[in-house]
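Let me begin by presenting the structure, written as structure tokens, before commenting on it.
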Amino acid sequence: MNKMFLLPKLAFVGIKKNGITYFPYMLAGIFSVFVFFVFSSIMNNELMKKLPHSAYLVVLMGIGLFLLGVILVPFLLYSNSFLIKRRKLELGLYSILGLEKKHIAIMMFFETMYIFLVIFTGGIILGVVFSKLLFLVLLNLTRLPVDTGFTFSFVALKISFYYFVGISLLNLIVNLVQVFKSNPNDLMKGAKSGEKPPKRLWISALLGIVLLAAGYYIAIVSKVDSGIFTDFLLAVALVVLGTHFFFKAGILALLRILKENRNFYYRKANYTTISGMLYRMKKSAASLANICIFSTMTIITLLCTAALWFGTSGVLDFQYPFDFRIDYRTGASIDRNRLDSMLSQLSGEAHVNVYDKISYAYMDTNALKTDNKFVKKSGNGFQSNVETIKLITLQEYNQMERQNVELGENEVLVYSTGADFGFSSVLFGSDTYTVKKELTQTNFDRKSSVARFGQDYYFIVKDQNTAKKIMAEAGNPEKDFTDSIAFQVNGEDKNKKEFANLLSGWFKDKKEVVLLKNGIAGRGETVSMNGGLLFLGIFFGIIFSMCLLLIMYYKQITEGFDDRDKFNIMQKVGMSDAEVKGTIKRQILLVFFLPLVFAVLHTLAGFGMITELLGVLFLYNRTLIIVTGVVVSCIFAVLYGLSYIFTSKVYYSIVRQMN
């Protein structure tokens, strides 16, 4: 009975005595609860359903909450595995001193409960204090109307409670399994055991290189098509697996090759460095691989979200060149003159000014493109080489662009919204046309030479008969011309919104209308989405940084306990104190900066795929992406170095305890 009363106190003393490992874990846990609660609060707040353009934001917060839940489970399990490893010696001593396994289990239950109460209470308090502020930051980033009506969410509290209770129970079960399947001797040895190197070193090393090469290859050659996201997930999986195999076996294999080179190995500095590196890599490979992966995730997450945010203006200009665009087929209830009259009337009622108006007629179709040849699309399934072609008569083009261009028989002008067409002739079915000139700029659509997703090909043809002839060869011969009018609107935001509502109401029952595109609303939704992505990116960047910082911190503790005995051994074999410190410092620097080097390599290899994926979101400014990548990588490298300096203080304090 006395033991039962003693166990809660032993649990508290155990946490306090091992504060060097438990306190950072609890801080990380508090921050995890805080972020999870904030995301859940924002997603479940009724206000989010009432704000304009907030639909994307609700979806993004839901995705962010799910991903956060997926990421935190392995991270907290990994951190817990380090804690229990450092406690095994102590638990083994408890067993020798008379505590039965059931008593140790009860003590560990109290430890788990204490830790849960601290991290959950601390995280919720932070969430309550800062959730409203972060909600306002989110509204500001997404340019949504600022509303201070954000209230405490009991649903978010309940979700957070169940989630972290589940993780705590999972950690407790893992710990109890390790205790119950081990005897006191195993527990005491387990405190000093490191990570086991692979049994088939050379096969594992080769496998790591092959997996990395395959992941890099997929990332470099992948282009925007229906399989881009599958390729992305496959490349990520291959690189993650390859990183683990390479750190566990590839670097060890390289060190063994250097060791076999007697002329190189048996030099004083090389001998101690390589021997020490072999020892460290055997014990640290998995941890270093995890640091590398979290570093890569941090760089890529911040790179993508920052580039998308800073490139928003370019995205909006490319995607929505006009405030409004109306495509219609001339009929009994609508034509150009009637439309012009209607726009004048509605703009007057809404107190806005319509300007930069252009009108033109076009024919469009989807056709199969092979080099400079377009043919009719066959079947309804997905085909990667299907492109949209639009035909505009020369008369419409000259009027719209204020030009006086002339075309001969079988001559066309071509304009691509993406990469240049790049041919001197074009074939529509069996008919050949000479490309008189490729246009680089027009008033009716924007161009980005690196766009490879959803680009259109405009062909300026001599007259309507030529357009119909081309449609017969490459599209639907029964299709007629579609009229289009696009324009900008000047006025206050509320008046623009009123004008949009009047416009929608006027066109509501008009069957002739093919498309009514509200660029103002579209821009608002895009800004909302990009701002939400930036918000997620910042928080996930912090989460990933927290993960790698805690892993790095625990790794420094492990290295410190391992190295404090080595100081004496190295001094006893004749090395001076300065030589010992220099040797160990070189080894530590090499070990801890290898993940950073590989993280940068992973980012470089994936840069092409990152560019392609951002292109899906209409961000085609490659220079901006490169500059953002360089800046983010440099900032991260500086923060990584500062993290190393911070965590290394713990290492040196442990080493100095004995020396």
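Backbone N, Cα and C atoms are what each Cβ position is placed from, and that goes for glycine too.
As annotated by TrEMBL, transmembrane segment applies to 21-43, 55-78, 114-139, 159-180, 201-220, 232-258, 287-310, 533-554, 588-611, 623-646. The domain 'ABC3 transporter permease C-terminal' feature in TrEMBL is assigned to 65-184.
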The transmembrane segment (533-554) touching the transmembrane segment (201-220) per 3+ Cβ pairs under 8 Å rule: no
Cβ-Cβ under 8 Å with the transmembrane segment (533-554): same-chain residues at least 6 beyond its ends: 21, 24-25, 28, 31-32, 35, 39, 60-61, 63-64, 67-68, 71-72, 75, 78-79, 82, 137-138, 141-142, 287, 290-291, 294-295, 297-298, 301-302, 304-306, 308-309, 592, 639, 643-644, 647, 650
Of 232-258, 287-310, 623-646, whichever stretch has the most CB pairs under 8 A to the transmembrane segment (588-611): 287-310
PLDDT averaged over every residue in the domain 'ABC3 transporter permease C-terminal' (65-184): 82
Helix, strand and coil counts within the domain 'ABC3 transporter permease C-terminal' (65-184) (DSSP): 102 helix, 0 strand, 18 coil
